[in-house]
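The next block holds one structure in the form of structure tokens; read it before the comments.
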């Protein structure tokens, strides 16, 4: 809709022609835009796969992401090369410091001469098995024998895995383990953990707690894929988002203290996102708590209204293989994650040059994990979701 007086000599038709030109010159939507069509600015409750058994439809959406699984395959391939090189170097007659050129290679690795034991790979939270295929493909590329343990607690997914084991993986060294990864009953330890437990904010699907529970089944020199992940946060302006959370108050009294997964479209991120929490695996100190707190400050370049905090993550799978939904470094055509959005119960008006200070907590109890957040500058807000009264994750 166009309103107001016409300022063009040729009348309103000029505005119409320009809008038509914009429409015609739009490029074809990319995969991310195709997959998110119809979901723009819609509030979605973050998944809790540890508490809930995901549906087949949800798995199928995850599996439509070609970039993610190619990245995992590359990371597993590099990890297998690294493990095999280390094992062969240790058993070499020249000792562990032998660095002859044929030990460092980008090509397939010879197996069987110095170390005939297969690399033990545990796929934790295997879903319907895409990471199992990625592992087997990586092992074939690396010319490396592997023994794969497929760990999954979801009874619905287990039916699919049993079928794939019988028909696709029956001639492979693949073993199915039904149950929670934190209570594994396996006689040998893993050389490599492979998992896709990441949420839109990195740790918000309880990847740290799950992998910590499984860590006793990883060798002391074992590799976890991903090996680390970092969350990011930035203030954003979106009247659409604020209206949606306000409308939700009619049915959910705490709607403005609940984090959401949102394909933020009608939105302006007001500053470059800053690092919040980082988790590394295997955990250097198993006794370290997964509770975290941080403070971030952002200098406003323009007058604006803050309606919430946008959350992102980056994950290092292995080596230089990364997954990212950071807006400046988003992995190409990766569609598995939308940003996390932490609402504010009242808009905060800010002026150019003012400092915005954000406090964010990740709180862990014996049974739950939750986030709390607040602003202290330029004007203080309440602590949202205090004591997890509005939203918490179940361990």
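Cβ coordinates are placed from backbone N, Cα and C, and glycine is handled just like the others.
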* To do: Examine the ranges 57-84, 85-112, 113-140 and name the one recorded by TrEMBL as region 'Disordered'.
  => 85-112
* With every protein chain in view, how many other Cβ atoms are within 10 Å of the Cβ of residue 205 (active site, proton donor/acceptor)? -> 23
* **Max pairwise CA distance, angstrom, over record-listed S-adenosyl-L-methionine binders 59, 68, 69, 152, 180, 181** => 24
* Asked: Using DSSP, would you call residue 152 (S-adenosyl-L-methionine binding site) helix, strand or coil?
  -> strand
* **Distant-in-sequence Cβ neighbours of residue 152 (S-adenosyl-L-methionine binding site), under 8 Å, six or more positions away** => 125, 126, 127, 158, 161, 176, 177, 178
* Rounded to the nearest Å - Cα separation of residue 180 (S-adenosyl-L-methionine binding site) and residue 205 (active site, proton donor/acceptor) -> 14
* Round to a whole number and give the Cα-to-Cα distance in Å for the pair residue 181 (S-adenosyl-L-methionine binding site) and residue 196 (active site, proton donor/acceptor). => 13
